[in-house]
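What follows is a single structure, written as structure tokens, with notes after it.
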Amino acid sequence: MDEKYFSRLNQYRSLWVLVFFDLPTETRKDRKIATSFRKKLLDDGFAMFQFSIYMRFCASRENAEVHIKRTKKNLPPKGKVGIMAITDKQFGMMEIFYGTKKQETEPPSQQLELF
Amino acid sequence: MIKRTLFFGNPAYLSTKNEQLHISFPEADKVDRTVPIEDLGMIVLENQQITITNGLLAKLTDRKVAIVSCNAQHLPEGLLLPMQGHTEQTERVRYQLEASQPLKKNLWQQTVTAKIKNQHALLQEKGKESKRMEYLYKNVNSGDSGNHEAQAAAIYWQELFDIPDFNRAQAGIPPNNLLNYGYAILRAVIARALVSSGMLPGVGIWHRNKYNAYCLADDIMEPYRPYVDLMVSHIVETQDDYSELSTELKKELLSIPALDVKIDGQKSPLMVAASRTTSSLFECFAGISRKIIYPEYG
């Protein structure tokens, strides 16, 4: 059936939350903190985009807020962390390259997926 | 938030890692996938060669994911739901069990009214006006003692599809197969919502067949059925062959939880609306409210 019956799930409503971080790794303790921050992102459903950029698809603004809030709660004491949310539409317009070869951007999570 | 549905129609190994559902495939070239468990609402396990770990089952039930397993004929067979769906579970179950007969009859009256009204609206949308249906939903008695539900159904199934001699039966001619599948999905959605509102899906307000494990789910899903019917009639109108339940058709039917419905003046995905309905049902049992909130078609 056409989109008119599924208006709640469109590219402008769904968001991608991106977390960028630079954490100190000088001492053993710092590394431990950095690893645990990364592990918590993974537990929360984030996936690695680049070494210190993690991203997560969220079906709605409310849902994105939940994950932003959770990330804020887990912030390490030192280091720089950026959190950003953009719409799926904007995310889809990103251009990704491997060398000079163009790559497809990550498709959004579908409400229904068949494996 | 609308929760996601995953459908497994191919062999897969399902396990858990980092609080995520981890999917790997027997084929070497297929890359593994992970899905956040908290985003899930329902998973359908259809292939016979799916291996699933207990650790994952525990996490899925903890997150109140409805797990539907299918038999060798690929039809939904079992539904796994958590024992504890709500923090106030025991208290809520007590309210449900202690509900008085007049209350139950009143709730059933509201349910039947909402169902016939939605059926009527669907027919109306298809340009099939029925004055009789309008009369039936406007005059439902307490406990539906006049059995308007059945009277409306008789008209409804005659009118809905342009198929001569169509009648609704478990083993009837197509599109009965589509309806059965769609209702099974709907039932899982409603049962999940009931459990997460802290109620027992087995103890109904009207349905009381001793062979039925989901009496309350079957009660509460009645006004939602026309949405399945809408989807099925859409398939009947647009597909040439729907006698076999192909993957394409299942895909269409599995999107039922995401379908827009109008509830309480707002547009919302069906799965979210179901939770709205079940929480209002609990309020009726607890004596806080007198009205179950059902979606209104159209």
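Glycine is treated like the rest: Cβ placed from N, Cα and C.
No curator has checked TrEMBL annotations; they are predicted automatically.
For B:E149, B:H207, B:E222, the entry in TrEMBL reads Mn(2+) binding site.
Overlay of TrEMBL feature records on the structure.
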residue: B:E149; record: Mn(2+) binding site; DSSP class: helix
residue: B:H207; record: Mn(2+) binding site; DSSP class: coil
residue: B:E222; record: Mn(2+) binding site; DSSP class: helix
Spatial neighbours, same chain, of B:H207 (Mn(2+) binding site) - Cβ under 8 Å, 6+ residues apart: B:C215, B:L216, B:D218, B:D219
Under 8 Å by Cβ from B:E149 (Mn(2+) binding site), counting only residues of that chain that are 6 or more apart: B:V112, B:K115, B:I116, B:E222
